[in-house]
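Participant: Before we start, here is the structure in question, set down as structure tokens.
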Amino acid sequence: RDCQQADIKYLSGWKQWKRASSKSLKKVLSEVKELSSYLKLWRHDIHSIEGKFGTGIQSYFSFLRFLVLLNFIIFILMFSFVTVPTIISKYGMFNSSFAKIPPKNIDFNCTVYKPSGNKGLVYFYTYLKDLLSGTGFLQVTSLFYGYYTVDAAWIGTMRYNLPLAYLLATFAYIAVSLIWIIKRSVEGFKQNLVNAEDQFQSYCNKVFAGWDFCITDPNAARLKHHSLQYELQTDLEEERLKRKIAERTMKEKLRIYSLRIFINIIVIAVLSGCFYSIYRATVFSQEKSNVSIRHDIWTDSANLLVQYLPSMVITLANFIAPQIFSLLIRLEDYSPAFEIKMTLLRCVFVRLASIGVLLFSLWSRISCATDTCKACGYNYELYPCWESDVGQEMYKLMIFDLIIILAVTLFVDFPRKLLVTHCSCKPVQWCGLQEFGISDNVLDIIYGQTICWIGTFFSPLLPAIATVKYFIIFYVKKISLIHTCKPAARPVRASSSNFFFLLVLLIGLILAFIPLGISIAHIPSSKACGPFRSFNTSWAVVPDAILEFPKALQQILYGIASEAFAVPLFMVICLVMFYFIALAGAHKRVVEQLREQLV
């Protein structure tokens with residue numbers, strides 16, 4: 001330090017200022033980072049859960065916190081760039097106005113949209129029905145696509161292209177989700193790779209370097225003790241299973257593999273039954289809903305049940321199938337970590353593909369081949385504003401999912417706890433307290449997040465509902481975990497779980513983008529509502545916006561989109577990829593040499 005201070009005297013004034021400002025900046029950043037760790041949402045709650053129930057269950061709650069923040073950012077994006085400009089222009093705030101461009105070469109009948117809003121005297125139960133189904137007074141609010149009929153907003157002299165902003169905001173929230181998930185996945189993958197490399201190294205790290213010497217609080221110390229204990233238990237359990245697998249005879253291996261093949265056949269049969277039930281329920285619901293003329297409490301209740309039939313069948317499939325899978329997986333004799341992964345993968349097919357089956361059923365009715373459909377480009381008679389109808393289905397799935405989670409906690413988990421505590425009957429005691437199923441709970445929130453990603457295009461304020469929903473779920477699950485669950489009999493490692501949760505979430509995002517891409521690029525947009533009513537499809541707004549650019553910029557963009565640019569770019573990307581693969585191989589060899597030297 002004395003040498004550095006002596007050297008500073010001979011530096012120029014600019015270099016002295018640069019060095020001093022660099023030191024100050026590092027200090028400020030360090031303090032901000034330390035402060036931000038204290039401001040983390042649910043920091044104390046998650047640390048407490050980690051100490052009492054292990055890092056595996058803690059990883060679920062950390063994952064839930066990540067989704068709350070992600071949905072809040074998606075809501076800010078959609079609200080700032082889509083909802084606020086529409087409201088400002090419609091109500092004439094800040095010297096603003098709006099323009100509506102009528103669709104060209106379209107029959108006038110296709111442009112009429114009369115949403116079934118409530119008129120006159122309305123009963124309370126009607127408001128409740130509308131709140132649950134997204135119809136009535138909610139249908140004409142900014143919650144759904146049909147509200148955004150503005151083509152261009154003028155704020156002073158500035159023109160705001162709302163259709164283009166709507167589409168770009170959709171791509172932006174998909175991109176933000178993708179980048180954030182990949183960033184977190186890479187961190188988890190690195191940690192997973194280190195843990196998987198050498199098990200002995202993992203023991204050494206825990207025994208000799210596992211303690212946090214900054215801990216001064218006795219409660220925090222106790223939590224850290226429990227956390228390390230759970231991690232060591234997980235390591236020992238995995239080692240025990242590895243030894244058991246290594247000692248298997250040929251006869252035992254043959255028996256296990258035959259059993260696994262038979263169980264996978266049962267799994268395929270269960271999946272097929274779920275998908276067919278969802279398809280039939282959706283078709284029946286679309287045919288029978290809103291056909292009654294009478295309006296009383298019984299008719300409206302029956303109509304609400306019919307509207308919710310696809311949601312109920314999907315939820316029933318999502319509830320029954322994981323229970324069957326969790327029973328079957330125990331017979332297959334996998335390690336705890338792999339057990340979670342396999343159950344998750346099977347449940348992913350049920351939950352995420354069920355949304356795809358629902359959307360396929362809707363699209364088959366929206367896109368038809370009759371003369372009426374040809375006149376408007378889609379089934380106008382049944383779906384004058386089909387985007388709002390899809391938004392309502394996603395809204396119903398979101399609300400029903402929350403209702404089911406709350407109902408299961410209140411009417412299943414807590415009564416079971418009371419029975420086990422106060423009833424000494426053998427069947428009740430045999431059932432015992434439930435374990436906190438990490439795979440089932442993770443699938444619940446990934447399923448909800450996939451609904452949110454698909455539904456945000458059709459219902460721009462759906463991320464706000466998802467944020468509130470996950471906020472409620474955190475406290476419900478925390479109370480349920482502490483008061484109704486027992487610690488897991490087979491501990492689970494957090495590092496592998498975290499990475500795998502994000503991998504499944506990434507699959508959910510990719511699957512969500514497929515129906516979104518089809519809706520934007522392939523299915524004709526509604527001519528009676530929404531910002532894209534002047535275009536054949538939602539994507540058509542992009543070429544239309546490019547035509548307004550200067551000629552030079554147009555030529556550059558067309559050049560980038562051409563094969564002459566794409567082929568060389570693909571070759572350069574391949575070369576860069578091969579370079580990084582070679583670099584990774586060289587680094588691996590160096591690491592192996594260093595490990596040998598250490599030994």
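Just so it is clear, glycine is given a Cβ too, placed from its N, Cα and C backbone atoms.
Where the annotation comes from TrEMBL, it is an automatic prediction and has not been curated.
Okay, so TrEMBL annotates it like this:
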- 385-495: domain 'TMC' (DOMAIN)
- 66-88: transmembrane segment (TRANSMEM)
- 164-182: transmembrane segment (TRANSMEM)
- 257-279: transmembrane segment (TRANSMEM)
- 308-331: transmembrane segment (TRANSMEM)
- 343-363: transmembrane segment (TRANSMEM)
- 394-412: transmembrane segment (TRANSMEM)
- 499-523: transmembrane segment (TRANSMEM)
- 565-586: transmembrane segment (TRANSMEM)
Participant: What else in the chain is close to the transmembrane segment (66-88), if you only count residues 6 or more beyond its ends and a Cβ gap under 8 Å?
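Facilitator: Residues packing against the transmembrane segment (66-88) from afar: 41, 94, 96, 98, 142, 147-148, 150, 153, 155, 160, 162, 165-166, 168-169, 172-173, 176-177, 180, 184, 445, 449, 452, 456, 460-461, 463-464, 466-467, 470-471, 474.
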Participant: Just to be sure I understand, if DSSP states are collapsed into helix, strand and coil, how many residues of the domain 'TMC' (385-495) fall in each?
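Facilitator: Across the domain 'TMC' (385-495), the residues distribute as 89 helix, 4 strand, 18 coil.
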Participant: If you count Cβ pairs under 8 Å, which stretch among 164-182, 308-331, 343-363, 394-412, 565-586 touches the transmembrane segment (499-523) the most?
Facilitator: 343-363
Participant: Is the count of Cβ pairs under 8 Å between the transmembrane segment (394-412) and the transmembrane segment (164-182), pairs 6 or more apart in sequence, 3 or more?
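Facilitator: Not in contact, no.
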Participant: Taking a Cβ cut-off under 8 Å, which residues six or more beyond the ends of the transmembrane segment (164-182) line up next to it in the same chain?
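Facilitator: Same-chain contacts beyond the flanks: 70, 73-74, 77-78, 81-82, 85, 148, 453, 456-457, 460, 463, 502, 505-506, 509, 512-513, 516, 520, 531-532, 538-539, 541-542, 545.
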Participant: Note the mean pLDDT of the domain 'TMC' (385-495), expressed as a whole number.
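Facilitator: When the pLDDT values over the domain 'TMC' (385-495) are averaged, the result is 82.
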